[in-house]
Amino acid sequence: MLLLLTALVAVSLVSLLIGAGSVGPGRALSLLSGAQDSEAHFIVWELRAPRTLIGIVVGMALGVAGALLQAVARNPLAEPGLLGVSAGAAFAVALALVLGASAATLRISVAQLGALVGCVCVLSVARFRGVGNDPIRLVLAGAAFSGLLASLTSLILLYDQRAADEIRFWVIGSLAGRRLDDLFAVLPSMLVASVVVALIARPLAALALGERVASGLGHHPNLIRWLVIACVALLVGAATAIAGPIAFVGLVVPFVARALAGPDIRRTLWFCLPIGPLIVLAADIISRVVVAPSELPLGVLTALCGAPVLIAVVRARRLPML
Amino acid sequence: MPFSSEAQFRADGHGSVPPPQGYWRFAWRSGHGANSLLFEQRAVAVNLGLFGALLLASVIYLSLGSVKVAPMAVLQALFGNADMMASFVVQELRLPRLAAAASTGAAFALAGILMQTLARNRLATPGIIGIDNGATAFAVASIVGLGVSIAPPAMALAGATTAAVLTFGLAAGNGTQGYRFIVAGIGVGAVFGAITQLMLARVAIDTANAAYPWTVGSLNARPSGALQLLMLGLTLGLATAMALARSLTLLRFKDATASGLGVNVKRRRLEVLLLSVALTGLAVAVAGPVGMVGLIGPEIARSMSSSRSVPVLAATLAGALVMVLADLAGRTLLAPIEIPVGIVTAVVGGPWLLWILMRPQRSFT
């Protein structure tokens, strides 16, 4: 854990040091150690610092949401992006954009609402006739659902060229050009979600033992499930509203976290907190460097790196069941 | 008792063995041997019914739109004796588009049922296992100028092949059966989808708009020449698929069973795979990724046919019918705004796919 935190600090530092523009790592480093440099000051503190902060928050949100969703669906492939939760949020944002909403807060609550609807839809499909017992069928259901929502989003965009132009950058998922205002707008809902997650971590761990055991221990499985779904919706909706739909982070982070933390969901959630930002920031740094001076959007990079992980998981002879 | 003494007596000279229940037999003699063909009555009825529905849908397709032409006038215009206006609208504007809709639908559905039979899974259509996305990514690359020297149809074929190689390569360890194969394909499709989005975001808005129909599937921007290529490919592909029909029926069984019944399983699978990929690539070159037709067409055909054989022809006809109806709906529902046909099929096909997933498990294909 300590190692992870150190790594996170190191990656954040690198994220401040590296990027487009004439300010190289050396110059940025001398700025951080106290040198006067107004241009470097602007680039590092006005552009890179917010981006790093947003990366950290988005990473935490997606990682925790992934772990929660996997725990409640009892399915290692349950990932907000794959299951259509992000697609729901994206659809809602597109709808809001076309209807003329531009305020950041409104956009976020709309995205969270969309994520909630997406979550509820997919999980109710999962509980239907044992689709959820087969991880891979659940992913297929999610793919069907995402496809449906993506076409509805396209349909909306057909009506509105301006929104289409605005959204084609956002829909890839990227941390570039996001401002601190966006971050402040999502912080309240993130805080609410964290408090709820802290409260339900213990019952959730009990739920992992099975529904009857959890009831026997005095918990309410259905209530827990609904709270988890609400949290996932808050987290994914907020992250999607700032950074656009970013796939596969919610799949990879809990995997690494489970490998390090073991089966207990409480420990897994703690480990997700540094690992999520670590992966998002690392991907973001790579996205800045790999085709410099232009940038590869983060969403593309996570898809390129995450799809092999998905395939590797699926190829494993026996899927680890939760 | 198919071989009763009476039948044998008649087979000796005056008649023949009665065909199995529910079949018609056409027998003829040539030279030394007697030849015969068996037609399943239900399949004949289904195919004729679908064909009739397709003709009916085509007439409606030709008559509706921003300019309405009465059905009788459509028929007159087709045979060349209507007024100028109706002739122009029907022959010059709507007929090529109808041909594009019908042949892309047919190609997607044929590719779909071939792939489903190959993978023994009714969800394993080219659209779902990422082949559509691969073809689209390559075609968009040629439109936004990353591969200008190569025409979109060729690029789409190359993309379809690349995606197919990737999906099958990655799934190799597990074989092509079951759902794992499909999820591997979803992963491959996600990568190609991301690449397409990336290319669209990096070009000017005008170019992005030009490439946009390609990402959702539309009959608006048909590259010249692609349709002719597709029709040629479809004719050849359908003929090949019909010729392979018997081994397709056997490919549904276990590999050992199929080889025991005289099918060269490896070779047949390779042929079927190549055929399916080629059809998908050609169809994507005309209309972009309208993947759901590859799922819906075969599903309709299967629900109508008996399970004795793989309903290749019925699936092809049903795919054409679905595509024609979807494009008709897209053109007329929200007129004057036109909904791309890919969106219509996805809005219908998404719930359809969920329904297939939620139905109690039956044996596949």
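From the backbone N, Cα and C atoms, a Cβ is placed for every residue, glycine too.
No curator has checked TrEMBL annotations; they are predicted automatically.
Copied from TrEMBL, the annotated features are:
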- B:43-62: transmembrane segment (TRANSMEM)
- B:95-115: transmembrane segment (TRANSMEM)
- B:127-148: transmembrane segment (TRANSMEM)
- B:154-174: transmembrane segment (TRANSMEM)
- B:181-205: transmembrane segment (TRANSMEM)
- B:225-251: transmembrane segment (TRANSMEM)
- B:272-297: transmembrane segment (TRANSMEM)
- B:309-329: transmembrane segment (TRANSMEM)
- B:341-358: transmembrane segment (TRANSMEM)
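Counted over residue pairs 6 or more apart, the CB atoms of the transmembrane segment (B:341-358) and the transmembrane segment (B:154-174) come under 8 Å in fewer than three pairs, which marks the two as apart. At the 8 Å Cβ cutoff, the transmembrane segment (B:181-205) and the transmembrane segment (B:127-148) share at least 3 close pairs (sequence separation 6 or more) and count as touching. Between the transmembrane segment (B:95-115) and the transmembrane segment (B:154-174) there are fewer than 3 Cβ pairs closer than 8 Å, counting only residues 6 or more apart in sequence, so the two stretches are not in contact. Within the chain carrying the transmembrane segment (B:272-297), a Cβ under 8 angstroms from the stretch's Cβ atoms is held by residues 100-101, 103-105, 107-115, 117-118, 122-123, 125-128, 131-133, 135-136, 139, 152-153, 155-161, 164, 168, 213-219, 222-223, 226-227, 229-230, 233-234, 237, 240-241, 244, 248, 251, 315-316, 318-323, 326, 340-342, 345-346, 348-350, 352-353, 356, all 6 or more beyond its ends. In terms of C-beta pairs under 8 Å, the stretch of B:43-62, B:127-148, B:154-174, B:309-329 lying closest in packing to the transmembrane segment (B:225-251) is B:309-329. Sequence-distant neighbours of the transmembrane segment (B:154-174) (same chain, 6+ residues past either end, Cβ-Cβ under 8 Å): 126, 129-139, 141-142, 147, 180-181, 184-185, 187-189, 192, 273, 277-278, 280-282, 284-285. Away from its own ends, the transmembrane segment (B:43-62) comes close to residues 24, 69, 71, 74-75, 77-78, 90, 94-95, 98, 101-102, 301, 304-306, 309, 311, 313-314, 317-318, 320-321, 324-325, 327-328 of its chain (Cβ-Cβ under 8 Å, at least six residues beyond either end).
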